[in-house]
Protein chains: 2
Amino acid sequence: GLLCELEPSFGEFGVYDLVITDTGAGDVLCSLTTIKEPVNIYLPLLICILGLIFLWVVCSASSYFWSKLKNQCLDASSPGNTQPAPGSPDDKDIARPPQRQRLKSLDTFRGISIVLMIFVNDGAGGYWFLEHVTWNGLQVADLLFPWFMWIMGVCVPISIKSQLKKNVPRLKILTGVIRRACILFLLGLIINSLGGTTLETMRIFGVLQRFGVVYFVIATLSICFTSQTYGIPKGPVVAACQDIIVLIPQWLIIILIIGAHYAIVFHLEVPGCPMGYLGPGGIQDNGDFRRCVGGATGYVDRMILGVNHMYQNPTENEVYKSGAFEPEGIVGCLLSVFQVFLGVQAGTTLTFYQEWKDRLKHWLAWGTASGIIGAILCLASKEEGWIPVNKNLWSLSFVLVTSSFAFFLLSACYFLIDVKFWWSGKPFFYPGMNATIMFVGHEVAYNLFPWHWSVGAMNTHFMQLIEALWGTGLWILVAIWLYHIKFFLSL
Amino acid sequence: GLLCELEPSFGEFGVYDLVITDTGAGDVLCSLTTIKEPVNIYLPLLICILGLIFLWVVCSASSYFWSKLKNQCLDASSPGNTQPAPGSPDDKDIARPPQRQRLKSLDTFRGISIVLMIFVNDGAGGYWFLEHVTWNGLQVADLLFPWFMWIMGVCVPISIKSQLKKNVPRLKILTGVIRRACILFLLGLIINSLGGTTLETMRIFGVLQRFGVVYFVIATLSICFTSQTYGIPKGPVVAACQDIIVLIPQWLIIILIIGAHYAIVFHLEVPGCPMGYLGPGGIQDNGDFRRCVGGATGYVDRMILGVNHMYQNPTENEVYKSGAFEPEGIVGCLLSVFQVFLGVQAGTTLTFYQEWKDRLKHWLAWGTASGIIGAILCLASKEEGWIPVNKNLWSLSFVLVTSSFAFFLLSACYFLIDVKFWWSGKPFFYPGMNATIMFVGHEVAYNLFPWHWSVGAMNTHFMQLIEALWGTGLWILVAIWLYHIKFFLSL
């Protein structure tokens, strides 16, 4: 029978003593005493954050004084050579027309995604709230991959449009797209083989494979539907929405894709599982749906890829023991296309409006709209909504909520970096310019010195956090060095 | 007691039946019958070699006809644009003065070393005679690392002399040397961490670390002792030996280093081991010298590095169970310096003589001399000589014998490629031009798809050979691609 009923809050490294006294008459008295106070797990995080802020201040200040000193020396030696400092009002519109300049905010956004992704993959100091959520829900780590995809979308219309402007034939652009998609897929296979190269059990999909597939779809759509010239919009409403109007044919196809996803997830019959099941299966619900992990999403992968070629250690396996599941599988690709397409929408805004206010207005509107629709779909709840936010299933609400954050983050970066020049985008800017190298590099070097090391048990948050920050910091240094030697991997 | 005494020659995958019949009177009759004939293990090797020859012929023929076809088209379109084909007698001495041209034979030599090294590290099809020898002796695999070091030496005087010619200050050359040595050492540490990144048990030395250390020593010597200008030699004897005469100061230092090595190996007292012990220890000699693996060579590493920071799986461990031994350790560095210096001698010949006959004469003389001295030192025997040929100990006879082969191989390459133009050096030429990438790449990708894969048990020589050739071939393709995009890693 039940001996004690306690709801204690145990802490890490705390030592507790549970004393059970028989008071006679079958009754027991339970008392819990703390022998050793648990450690404060947030203290290492606080120390490291303060340390990083200190480092940032020191670096910024020294770089500021260094450039000031250099300018003074230049002033003294050749007074005609000076240029107005960035941010001074007279050069913003004349010397650097915003449409000619490479937007630093895009690279910074990509850099933030990849740096946080490296930090999370390095263990994130062992803090649960920085890691991936088990099934439904959204934690810091879950934002990064969708952001990374979204920002890829932003760059597609810019790149296609600039190539069309240079009169590159569409077939040639397509060849480049196919080449890039194949390389991404191959790089993904290389990374998958880090877990072993037995072909019978090799995982086929993964992060870079999804990038490859979705990039191919989205770039092909852009190549097909982007016009080299657009008429001058008639009327203020059309003028305010021309970035949406030009995308209408693509939006129709995207809506078809969302419909196909809906049909598969909610209307495909999966043997032994309820229609439209979205749970993690395994021991959840008393094990009623043991073999149903991911419902139709998982079923399609099991049928087409085979269990052996799927991911063997998905986030939910540890908790629900539901076995293999492919978080970057086939069905999830469909709404990933939508995710990237929301990025394409943001990028199209960039190509149609040169005024920063227009751009921000559109982005903030999109961010608000997608956020609201996403919140409605999941009823602003972790488990109770119609379509819960779920990274493993790449659900519609997940796409909308993460894209909403992306619209807002890009707006913030753009405003701070490219409009007001309050921030240079450092240090994220550098890794953002070599994101493929950063991603492949940190995956291949997942256990390599000097990025990774262990001393002793490594069982405290402090040591794990130091190790993760060290590894992430080294990759940032590699990115700065690559920038310095002007090496940018272009696939 | 002894039941049967048979000396059968068992073969792979053969099935045998041993029948022991008691003939009475305590006597037994043993009979061995073959139930299933063993497979011929040399057949896969033969098939693969024939396949490679076929591939070579096809590639050479198609490239020959392709260039002929292209030349004809060029002839037809612009008759003034044709150039004499390489190898035709009139352009050899006029159009391409040999001293201006990058010698393809050096890259080819380096390429042969790295390609064979990759093949051996990929398992070499599981053939014992292609792998490393257990302790004393010399097999194919043992030649590659010393060749690689030797050819590094050949390039040092060429590089230093060309920098001095451009009036680069010696201190600046030295800075570059130190930077390169440090990068090599760091790359070596990265490769060592492929086995785990626990700092308490991290291996410190390795192939690239030895390259770094020895390169630093040899290049520093060259910087110190290379003159920018040399007087015109007086007399035919001096003229015939000027490449040796200018190296006399360096030779003196090298002889001191050889002496130091001799003193350590033969006169350092190692507790519990006989003076000058050169064996593998462990269970050899009835286990009398169990903890003596490598004699003084091993002892110095155990004292300075500590057993935990040495190589844990040396070749002799499997047979003699003698535990950790560092094949790229501290004492071995001394004679590695000599190995590289013999390369420096070959390179100095290149910088002093422009006539191919002079160069070949010198190289063949050095090859013969070092071969004879090496053979005397080991008495042309595996185990019985004064100083047996031993890669783990990097013994003097090992240095001399492998360098002798190197002198002859370079002579052959030079004659075929740069003198007679009978061979272009393909395909080895390409990996030779990016040897660092090849080495680091194949180490990091030691178990990565698409270079490596397994299907089924992989327990036949044929499958293992196919896998090794596939991996090696892919690296050659990578090298060709890098050459194509003009990417050459210069440290």
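Each residue, glycine too, has its Cβ placed from N, Cα and C.
Taken from TrEMBL, the feature transmembrane segment covers B:41-66 (among others).
Per TrEMBL, the feature region 'Disordered' maps to B:77-96.
Feature annotation from TrEMBL assigns transmembrane segment to B:109-130 (among others).
Proximity of distant same-chain residues to the transmembrane segment (B:142-160), defined by a Cβ-Cβ separation under 8 Å and at least 6 residues beyond the stretch ends, is recorded for 106, 109-110, 112-114, 116-117, 120, 132-133, 173, 207, 210-211, 214-215, 218-219, 222-223, 226, 336, 339-348, 350-351, 391, 398-399, 402-403, 405-406, 409-410, 435. Look at TrEMBL and you will find B:142-160 (among others) tagged as transmembrane segment.
Annotation source TrEMBL lists transmembrane segment at B:181-199 (among others).
Annotation comment: TrEMBL describes B:211-232 (among others) as transmembrane segment.
Annotated transmembrane segment per TrEMBL: B:244-268 (among others), in sequence order.
The transmembrane segment annotation in TrEMBL covers B:329-351 (among others).
Residues annotated as transmembrane segment in TrEMBL: B:363-382 (among others).
According to TrEMBL, the feature transmembrane segment maps to B:394-416 (among others).
Annotation comment: TrEMBL describes B:428-449 (among others) as transmembrane segment.
According to TrEMBL, the feature transmembrane segment maps to B:469-489 (among others).
Contact check: the transmembrane segment (B:181-199) against the transmembrane segment (B:329-351) gives fewer than three Cβ pairs closer than 8 Å, residues 6 or more apart, which falls short of the contact criterion.
Looking at which of B:211-232, B:244-268, B:329-351, B:469-489 has the most CB pairs under 8 Å to the transmembrane segment (B:394-416), the answer is the stretch B:329-351. Between the transmembrane segment (B:329-351) and the listed ranges B:211-232, B:244-268, B:363-382, the one holding the most Cβ pairs under 8 Å is B:244-268.
Between the transmembrane segment (B:428-449) and the transmembrane segment (B:469-489), three or more CB pairs separated by 6 or more residues in sequence fall under 8 Å, so the two stretches touch. Scored by C-beta pairs under 8 angstroms, the transmembrane segment (B:41-66) has its highest count with B:109-130, from the stretches B:109-130, B:211-232, B:469-489.
Sequence-distant contacts of the transmembrane segment (B:211-232), counting only residues of its own chain at least 6 positions beyond either end whose CB sits under 8 Å from a CB of the stretch, comprise 148-149, 152-153, 156-157, 160-161, 164-165, 170, 173-174, 177-178, 180-185, 188, 242, 246-247, 249-250, 253, 333, 336-337, 339-341, 344.
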